[in-house]
Each structure stands twice: as structure tokens, then as C-alpha cells.
Amino acid sequence: MTDTLPLAALGWAPDFLRQLTLDDLSTLTPCRVAAVHRSRIEALAATGPLSLLPPPGLSTAEIAVGDWALCDGTRLIRLLERRSTLARRAAGTGAERQLIAANVDTLFLVTSCNADFNPARIERYLALARSAEVTPVIVLTKADESPDPEAWQARAEAIDRRVAVVTLDARAPGERLADWARAGQTVALLGSSGVGKTTLANALTGEVQATAPIRADDAKGRHTTTGRHLRPLSAGGWLIDTPGMRELRLSGAEAGIAATFDDLDALAGECRFHDCTHQTEPGCAVQAAIAAGAVDPARLARWQKLRREDRINSETLAEAHARDRAFGRLTRKAGRDKARLRGE
Ligand SMILES: Nc1nc2c(ncn2[C@@H]2O[C@H](COP(=O)(O)OP(=O)(O)OP(=O)(O)O)[C@@H](O)[C@H]2O)c(=O)[nH]1
Ligand SMILES: [Zn+2]
């Protein structure tokens, strides 16, 4: 294929190629979703930007920025299986989840060398990234404003020795994040308000993303052909910049939490009771480790809080689902009643 290079630069990987049949290859074109609108999808193909119709029978709510798909030039035909999915519970809609981004390789967990730094929050982000199957990297901004950025770096490293920590001035990241931002790589930013996500995104893309009021102006068509949410990085990769990243909550993240607290998870496996709550039970391996000074009790508390949060969010999700089904039955019945009244 002559377009192998540009596709690879878009993030195309063997995982996606493997999903194609020979027939697909001869008739359809791989493309990457750059923006999702109600009835139209912006995508990037080896040949350039495309504006596509959604596939028959698939709501655009099922399509995420970053998705790989096959298209026939005018219509998106089929989505390819994702390597990673960032989603959130859609509040109040009853819908199971709202897609935020697909096929993100690295999630920059952004916090600052100041009071925003909070181990519980970072652990939540780590669990979230892992449950989404995205590699986490902790980015500490505002190093230039801190008298001792190394101390913040050390605190972040102590949270999880397996995770890379980069301390920087978000306005001038230089090459510090380049390893994760190269051609073929896709990144996204997660962090609370004011930590420097916009600043960092602008520095990494070399473009100034207008702030909200000006973005509304963009909707009139100034940037209609370039995907608004899949932004090219100066280092060759892509940044997925979608609304909703700030409010990501844990739900269905049990595996991600277990991976982030794998030390406690392993200890819990040695407790005498398999449903041990690690409070006052006899034979509790976690409490024994705390007594021996090997485990910080605050970390146990954070682990339990996250598990509770995840459980509650996941439960509510199931409840919302049940309510939806009940509502579906009601509306179908109302439809039948109306039809009967009309004598149909
Ligand atoms: N000195 C310094 N200022 C920074 C740094 N990062 C961000 N800022 C400043 O902090 C303020 C907030 O940065 P933003 O990039 O808007 O933060 P954000 O995370 O995008 O915030 P939201 O859009 O509310 O989510 C701005 O005034 C930035 O210029 C940094 O590393 N050093
Ligand atoms: Zn226990």
C-alpha cells in the first residue's frame, strides 16, 4: 500500500490492519475520526480530511474521536475495534456511557507543583487510565513557580514507581514529553481546572486553541475541514482534545483500581476471610502490614474510598439501565394505546 506511511503517522497499527479482510482492503479506505457531529463525522484518511455520513444503524453516540473506521469516501461503513476507550457515565440521560475518546496511547495526568497536587486524585487518574487501557504519565506543571520542584517530583514518584513523572513549565515543555508525542502516538490530557492543560496543549501543538467564547465563532466555519478534536502535535503525534475530560469519574474501573493498588490487592488475598474489610477482622494481612509499618494507613483509606466510589457509580449505572428499560416498556405501551385509540 502506498499510503502506509501517512496512515502510520495517523496512529494506524497492526491491531487495526488485522481486523480487515482482503475485500475491505480493496474496496474501503481506513480513516480516523477527528470530530463527531450529530449527523456527520469528520475523519482523516491518508488522502486528507473527509466529511462522512454515519454508518447505517449506528448512532453517532457510538463513535468517538480517535476511532479508526472504514469508509467508502462518503459514508463511514464500519468501526474497527478500539485499543483503548475513555468514557464517562452520562449523567441524567440513563445512557450507559458517553464516549470521550478512543485509541489514546498515553494519558497525561496533569497536576501542578502546588496545592492542586493530591495523591488521592492522582491515584484516581491512574486507576482510570489503566481501566481504559491507556498508559498514564504524571505531568507536574508550574515547576517554574515552585522553589523546590524536585520535592514535588519525588512525591509524585512515590505514588507509583512504575509511572513516569515529568515536571515542567507548561508554557515551555521543550522535548520533555516528546517520547509520548511522536508520529503515530495519540495523547490526551486529564486534570482539574487551572492546572495548565490548555497551556500545555497549545505548547505541544504549536497552535493557539481559542478559548470557549472564540471557539463558538469557529463553529461558523473557519475550521470546518480540520478535525477540531484531533489536533496534530509538533512532535508528529496527535492530541485528542475533547470536552468532558475534566469530569471523568470512575465507574467499572475495578481492574484499574486493583492495578494501581496492586500491593494492597495482593495483601488482601492473604487475609483469613475472603470478604475481609481490613478493619478489625482477625488474620487481616493488610492491618498486619500497617502494624509492621509497611503500609501507610492513609493509602488503605484511599483505596477503600476509590473502590466504594467505583462501586456506587457502577451500581447507579445498572439502576439507570433498569429504569430505562422500564421507561421503554412504558413508552411502547403508550404508543400501542394511542394507536388503539386511533383505531389502528
Ligand atoms: N508559570 C506557569 N503558569 C502556568 C503553567 N501552566 C499553566 N499556567 C497558567 O495557569 C493558568 C491556567 O492555565 P490553563 O492552561 O488555562 O489551565 P487549564 O488546565 O486548561 O484550565 P481549564 O481550562 O479550566 O481546565 C494560566 O494563566 C496559565 O498561563 C506553568 O507551568 N507555569
Ligand atoms: Zn484484611
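Glycine is treated like the rest: Cβ placed from N, Cα and C.
Annotation source TrEMBL lists GTP binding site at Thr141, Lys142, Ala143, Asp144, Gly191, Ser192, Ser193, Gly194, Val195, Gly196, Lys197, Thr198, Thr199. Taking all protein chains in view, 18 other C-beta atoms sit within 10 angstroms of the C-beta of Thr199 (GTP binding site).
Marked as Zn(2+) binding site by TrEMBL: Cys271, Cys276, His278, Cys284. The Cβ of Cys271 (Zn(2+) binding site) has His278, Glu281, Gly283, Cys284, Ala285, Val286 as same-chain neighbours under 8 Å, each 6 or more residues away in sequence. Reduced to three states, the DSSP call for Cys271 (Zn(2+) binding site) is coil.
What TrEMBL records for 96-248 is domain 'CP-type G'.
Among the features that TrEMBL reports, domain 'EngC GTPase' is placed at 102-246.
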Let's see if you can do this one: DSSP helix, strand and coil counts over the domain 'EngC GTPase' (102-246), in that order.
47 helix, 33 strand, 65 coil
Hey, of the binding-site residues listed (Val195, Cys284), which one tops the CB count within 10 A?
Val195
For Cys276 (Zn(2+) binding site), list the number of other Cβ atoms lying within 10 Å of its Cβ atom.
20
Show which residues of the chain containing Lys197 (GTP binding site), separated from it by at least 6 in sequence, have their CB under 8 Å from its CB.
Val110, Leu189, Gly191, Met245
